[in-house]
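As recorded in TrEMBL, the features of this protein are as follows:
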BINDING   H400, H405, E445  Fe cation binding site
COILED    535-562  coiled coil
COMPBIAS  108-126  compositional bias 'Acidic residues'
DOMAIN    221-567  domain 'Biopterin-dependent aromatic amino acid hydroxylase family profile'
REGION    99-126  region 'Disordered'
Amino acid sequence: MAVAAAQKSREMFAINKSYSIENGYPARRRSLVDDARFETIVVKQTKHSVLEEARQLANDASLATDAAVAHFASQLQRQHLDQINDQYDDQVFESEGKSIEHDHENDVESSESSEPSSDNDSDAGLTEEEVLLEKAASQDKDAEMAVQRATLVLRLREGINSLARVLKVIENGKGNVVHLESRPSKEQGVQFDILAKVDMTRKDLLALMKTLRQSSTLASITILAEDNINVKNPWFPRHARDLDNCNHLMTKYEPELDMNHPGFSDKVYRSRRKEIANIAFEYKFGDLIPVIEYTADEVSTWTAVFNNVLDLMPKHFCMEYRDAFKMLQDDNIFTADKIPQLKDMNEFLKKHTGFTLRPAAGLLTARDFLASLAFRVFQSTQYIRHSTSPFHTPEPDYIHEVLGHMPLLADPSFAQFSQELGLASLGASDEEIEKLSTVYWFTIEFGLCKEQGEVKAYGAGLLSAYGELLHAVSGKPELRPFEPSITAVQPYQDQEYQPIYFVAESFEDAKDKFRKWVSSMSRPFEVRYNPHTQRAEILDSVEQLNNLMTQLNLEMLHLNTALNKLKMRSG
């Protein structure tokens, strides 16, 4: 019970920002990749108080022993846990089908009124669909007055006779009811659930929602969808520059919030992390990649991990990794006494596979990170793990990115597999994003493959983590063949070693299986990346397909010509 409570507390602190409302993602329900910006000022103040008390104790030279810090942090966590969780549970959205409903909007509005208002705060009493309506109306005055269809779910506290009063409110609000259904409700205190489809303008629809919420007749009202906001035409980045909007973080393991983080009580380390994070937040498409002047302690940490990789690589790492590592050494990018700059790694990858790098402030949401892969862009942190824990980091750091991910991004086959994962994520539903991110976890992060009958590591989490790698090849965990449909729903550990790993026969075999699985996804369109324009194009018209066929025919002509010349030369 104590472990579960502590885990719930950490998760409460975890999701600070996500991909959803600010940049137009049509998220439908709360999930591990969803939006949590409705955290109230009460929870923020409580969290701040808990963490600051722990930090003050940890930084007090007269009291700060490791045991004292750990004990005090544990005491504070237990002391405030029930209070924090109760407050937090009162604010979050509860999922129901494709709808998102807020049952305590008055609590949120009153609590947020105690701090200066902002664009985000002004939306705190609205569901995601209503925020999208409001944003669209504010950006386009013509669209504000355009009539559209919306689906409402009304929950009546009283008998069906009270529906007449609700319909009268809709009529007075200039709405036209085009479809109506009712059923007895299974919810306690609610007599009937009513589904109503109405035609009205965005402006009038928003006003109607606010009016109906004041009615004592209704237990709740939810908007499900409307014609101009649906999953058939979702927002996702269409050009590499749109990745400027895909930098939202999962702050679950950051030293500012995670009491178990090695750098939690280290003010100097937290300040350094914040400094490097701000550099990433300021980065925009087309900017030069910033240079980070690493300290002697950071270089020392790099050296320890680098030498460890050199020892383990011959026996446990896949051939593709070993080949790329040697190329990096030959180019004098990989050396034990110097941390490579992100800009140098960027030029190396661009030369070999066309992958490019951009700074990231921390652990990105799954949707944002996968979207970047579609454009052959890898979002990389630039901070270094804490010096007291050189062989483990709770969240991705630059050593993990450089020694774990980047060498294999220089391999054409692996780079293509990474991009296909990203392309499959564009416009995918939340459920499919979770499946894709799970496949990513068990392949690119913790994947194993066969090489001449032996199991080798190709996942970045194994290549850059001494303990996890030795665990994976120890014979203790279960090794299963990689099958995307099974892998995608396998629960995984993000705090302990994996009990299960998936083994691919080869990169090519993994790509073939992945393509077949992706073709069964529910996304109603296909997406391809155009490297000439750096755009993601939806293939949803005959004209686009004809243009693509013309390009493919030209490529085939070149291939046939080259093949014939080789035959003539060999003959």
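Quick reminder: no glycine exception, Cβ is built from N, Cα and C everywhere.
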Protein Cβ atoms within 10 Å of H405 (Fe cation binding site), excluding its own: 24
Any further residue of that chain within 8 Å (Cβ to the Cβ centroid of H400, H405, E445) of the recorded Fe cation site: P396, E401, G404, I444, G459, A460, G461, L463, S464
Confidence summary (mean pLDDT) of the coiled coil (535-562): 85
Number of other Cβ atoms within 10 Å of the Cβ of E445 (Fe cation binding site) across all protein chains: 20
Number of Cβ atoms other than its own within 10 Å, given for H400 (Fe cation binding site): 23
